[in-house]
Amino acid sequence: MMSRANSRFSCQRTWLLSVVVLAALWSFGVHRAAARVINDECPNLIGNRDLYKKVEWICEDCSNIFRKTGMASLCRRNCFFNEDFVWCVHATERSEELRDLEEWVGILGAGRD
């Protein structure tokens, strides 16, 4: 039979374990969200995340349309400055936005080696 002190201690351990597990899961989610907007190939990403998200959306749409493994990575390669990105713009039927997208890619990739 458990005493009242043992019962209280057991309850505290359960709560502590729950808090630790939730904190770990939250931390994992934050790291994944932060990693999503990090692209080492785009030197001007900081301060231009809104542009990055607009351009990246093309790659996400393209990947969802064709369901080809690695399609989004190919599209993002060299900070979107590649023929796969242009192909995805046309495949997602956004050809009329190509000039704006190319300008945004130029801003994101300015200073690239």
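Residue positions begin at 1 at the first shown residue.
Including glycine, each Cβ sits where the backbone N, Cα and C put it.
Per Swiss-Prot, the features are:
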DISULFID  Cys42-Cys79  disulfide bond
DISULFID  Cys59-Cys75  disulfide bond
DISULFID  Cys62-Cys88  disulfide bond
SIGNAL    1-35  signal peptide
Closest of Cys59, Cys62, Cys88 to Cys79 (disulfide bond), Cα positions, disulfide-bonded residues only: Cys59
Structural state of Cys79 (disulfide bond), classified by DSSP into three states: coil
Distance [Cα-Cα, Å, rounded] between Cys75 (disulfide bond) and Cys88 (disulfide bond): 7
Candidate disulfide-bonded residues Cys59, Cys62, Cys88, pick with smallest Cα gap to Cys42 (disulfide bond): Cys59
Most Cβ neighbours inside 10 Å, all chains, among the disulfide-bonded residues Cys59, Cys62, Cys88: Cys88
Least buried by Cβ count (within 10 Å) of the disulfide-bonded residues Cys42, Cys75, Cys79: Cys79
